[in-house]
Amino acid sequence: MNSFSVTLFIFPIIIFLQCLSSTGAATCHPDDEAGLLAFKSGITQDPSGMLSSWKKGTSCCSWKGVICLNSDRVTILELVGFLKKPERSLSGTLSPSLAKLKHLNVISLGDHGNITGPFPKFLLQLPKLRYVDIQNNRLSGPLPANIGVLNTLEEIFLNGNKFTGSIPSSISNLTRLSYLFLGGNLLTGTIRFEISNLKLLQNLNLGGNRLSGTIPDIFESMTLLKFLDLSRNGFSGELPPSIVSVAPTLLALDLSQNNLSGTIPSYISRFNRLEKLNLSKNRFSGVVPEGFVNLTNLNNLDLSHNLLTDQFPDLIINTIEYLDLSYNLFQLETIPKWVTSLPSIFLLKLAKCGIKMSLDDWKPAEPLYFHYIDLSKNEISGSLERFLNQTEYLLELRVAGNKLRFDMGNLTFPRTLKTLDLSRNLVYGKVPATVAGLQRLNISQNHLCGELPATKFPASAFAGNDCLCGSPLSPCKA
């Protein structure tokens, strides 16, 4: 679940297979033509010409993004925008005249970014809808109280808009839903217990709202759930007991950035299919359960910014690529052997973990693949020179607030490096000219000396050293 941030579509595959059986010769029902042309009139900008083929008097079944399956009625409307290039996407509003498309099964108008207005209530008048995607637009206002009339829906993506108010209780009537995405809005209130009626859910995303209260005990009936994202809300209290019911199926669990507390329950050992676990930025306390050794499929583990204490279990996992244990109450002393032996780790963050070893003694199995490293605020000594020479793809290195001691002039940076923070160490020597190729640099509070190379960095990046001079600091003495 970056898989949480990447929507997993099933319907485009179905659409492709269904299109193979379409006659392609269907004429256009007058109601559908009128509804689609009204929709076009509500679009104020179409820079990519998505609607250029939509012309009165031609068969709407042949228009771009419009599909009629084995009749003259439109069953699919699919005009997906360019999320990262909104200047190429549609702008405007969604015409209520789309209610004329009574045979519509699929409506996909997501990722335009500039479609505005309230929740499109015309959707409530379309009795055959199975799939709705209006994500990543600028729709706003409350969700309709009677959204539950859409009881044929199997997937709905409303995430990435500005919807407000509470989650309507009638959403519990959408008992065919397998995907429910409401994340990235401004929704408030609590999660209603009635949502437990959605027994076919495979992916529930409520992350990035303003929801609060405790997480209700709703999971006993959700035996198909694979992805659960409740992150970036205001949930408090402990985890509900029924969450163990989804252990046999759950692949990704993201509860980060809430106010959850208590210990991590020992039944976490039963979630042995988990690939992603993110509990960061909460108030979990106590020791990490020994049952973590059973989570042998983990790819992404983030327990950072909690109140967790030693001893951390020795994991028998070789699948982890992203690991963040930073800012807890750990006193690891050394980088654990199971971490050092990971064969393909891209991100490693162990900031403020009580590490007191020499970096010269750390010999990771595959340093070549590191992209992001944060070992800040420990008591790590030694030199970076050997380690940096072993990396090829490193993008970011943060080791501030340690006891590293080496000649910076001897460092060779990988060509990929963009961010380097060596501040508050014991680094000496001259600053190499190669720092000019970085995007972010902090080497303040060290023992560096000599004239600075030409860079774009502010004086704060170099402050607190012994005898550095030259722009942006004071001029060097002749």
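Cβ from N, Cα, C; glycine included.
Curation plays no part in TrEMBL annotations; they are all automatic predictions.
Sorting each residue of the domain 'Leucine-rich repeat-containing N-terminal plant-type' (29-68) by its DSSP state yields 15 helix, 6 strand, 19 coil. The annotation domain 'Leucine-rich repeat-containing N-terminal plant-type' is assigned in TrEMBL to 29-68.
Annotation comment: TrEMBL describes 94-206 as domain 'Disease resistance R13L4/SHOC-2-like LRR'. Residues belonging to the domain 'Disease resistance R13L4/SHOC-2-like LRR' (94-206) score a mean pLDDT of 97 in the model.
The annotation signal peptide is assigned in TrEMBL to 1-25.
For the domain 'Disease resistance R13L4/SHOC-2-like LRR' (94-206), the DSSP-based tally of helix, strand and coil residues reads 23 helix, 33 strand, 57 coil.
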